[in-house]
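Remarks on the structure that follows.
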């Protein structure tokens, strides 16, 4: 705990002392739990299995239960749940029966934000990276923010941290429209794309209106930071009745990038800002999508008065986020090695951005993708887009869809995706049976100099470390921490 934090007004939730998280190991839950622990609250939580995340929280004083049972919630003053938790969960049912409040995670995050200068990052893609860049730049500027991020910040070794300043930087989740609970001082919209459409009853106009509603949670003196390159963000811009700053590659943007040069993992560019000197910037991430994430960060940092030196330092010193084009190391193959990358991208737009980044940074190298679709409903709704974008790999291995609690949907599985991609005639995908070991399947396909990406939001995230430890890749070299 940080001693100087005493000077900062803290959430005082009346009679609430013990806070119980149902699904505490989830990426959106554990960060809030960690901040509350550091604020002195009693925290307990349950999850289906123990993990490094739950072990970390336990080391900080949280009481962790493996499995969901009614008695786990018996002594709680409030339950925090994510949208992934079934209302029939025994802990939730017990809390409702005993009139213990049950609140969504975003409502608890909003309570933390209510006492601070909140910076909320929304958008279909780029939230985690942008939030992480903001935390890095604010720290470089001496502002020591509290942050809650949807991925593990490499430099901090965690996805949440209690800071000593008035700033709280967090992701704003549109997937279940829970970002409407938040009332930040600054809000970013990186882009708006068709995803989680069941929340919006399949109505894209409803999704757009919800983003506008979110921005109108800003006070009249707040700031909306919006990506002008995204056509949907540009479309809703006239509807936003709050002060705005735009960013992008567009010449009309208030903050824009020119002279972009990518050299492997590094991207260099010049930033033009109204009434400011041009700024030369480098980030240790490939791709124009990450330039846009950096521009959003620069827009907010400039508005908050952070010096150019701190902005440059915070961006160049940024060490990345877990599973966002995370380089694990080099796998030995005949004649050389293969660069192994782990990535969370699970939407066609995200897959396309990663492929473009690889082609830009390593134009002569083959791209081998092991991809796992996430949710049958997303695969169905974006089927043609997946066929188009995945067909741009040089070699493609498709794992079966990660269901995330959904029942299979006919025609929306990986076998069908393989068939449709094969029909395009560009490449012949390999279907990976559920539970099959990857190393013996992928090794014969690899050539020296290849880039191998394990991509998706499901259990594909465990494959990169498995490959590094596989006897078939004895002598694999771990990526050194920057």
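Just so you know, glycine gets a Cβ as well, placed from its N, Cα and C.
So that you can see what the record holds, here are the features copied from Swiss-Prot:
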BINDING   123, 124, 125, 126, 127, 128, 129  ATP binding site
For residue 125 (ATP binding site), which residues in the same chain are close in space, meaning a Cβ under 8 Å from its Cβ, but six or more apart along the sequence?
190, 191, 193, 289, 347, 349, 350, 353
Test of understanding: give the count of other CB atoms lying within 10 angstroms of the CB of residue 123 (ATP binding site).
24
Counting across all protein chains present, how many other Cβ atoms fall within 10 Å of the Cβ of residue 128 (ATP binding site)?
23
Here the binding-site residues are 124, 129; which one has the lowest number of other Cβ atoms no more than 10 Å from its Cβ?
124
C-beta crowding around residue 127 (ATP binding site), within 10 angstroms:
26
Let me know how many other Cβ atoms fall within 10 Å of the Cβ of residue 126 (ATP binding site).
24
